[in-house]
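Everything on this sheet refers to the single structure shown next.
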Amino acid sequence: MNRLMEVKSRSRKGTFESRYAKLHTLGSGNFGKVYLVEEKATGKLCAAKVVDKKIFKAGDQKLHAEREQKICETFAKRLTHKHIVQIYDVFTEQDLIYIIMEYVEGGELFHKIREQKRLNERLARKWFREIIEAVDYIHDVH
């Protein structure tokens, strides 16, 4: 996937279901689920984080989700770096927030670290370097 591709402003017309086909669940968390989806118009595989605003029990949870949505809409969509997942689109339908992003095979770094019985120093250095490169890029852009 081309990491330097320009994020195109996508039409808000049509629902999530009309634009994407859910293939399966990639994971879930406190605020929603992440699905592997296929963009119907292009056949492109993406990850779709779907947050249900109705599940928020406390005001700080709602604030957290709204803050994440705002960050994705105003800042994260502009980031193009090989160690940062690309955000393609962010939109809301009824009580659901959709964050459409680059699908990266292999799962989350957190889970990879937990799977290791003993973390190899060479691998730890590699991952740490990638994180530092991404953070450095964000600081340069911001």
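Each residue, glycine too, has its Cβ placed from N, Cα and C.
Not measured: the values here are computed from a predicted model.
Per TrEMBL, the features are as follows:
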{"type": "DOMAIN", "residues": "20-142", "note": "domain 'Protein kinase'"}
{"type": "BINDING", "residues": "Lys49", "note": "ATP binding site"}
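All protein chains shown were included, and the count of other CB atoms within 10 Å of the CB of the residue listed as 'ATP binding site' stands at 21. According to DSSP, the domain 'Protein kinase' (20-142) comprises 50 helix, 39 strand, 34 coil.
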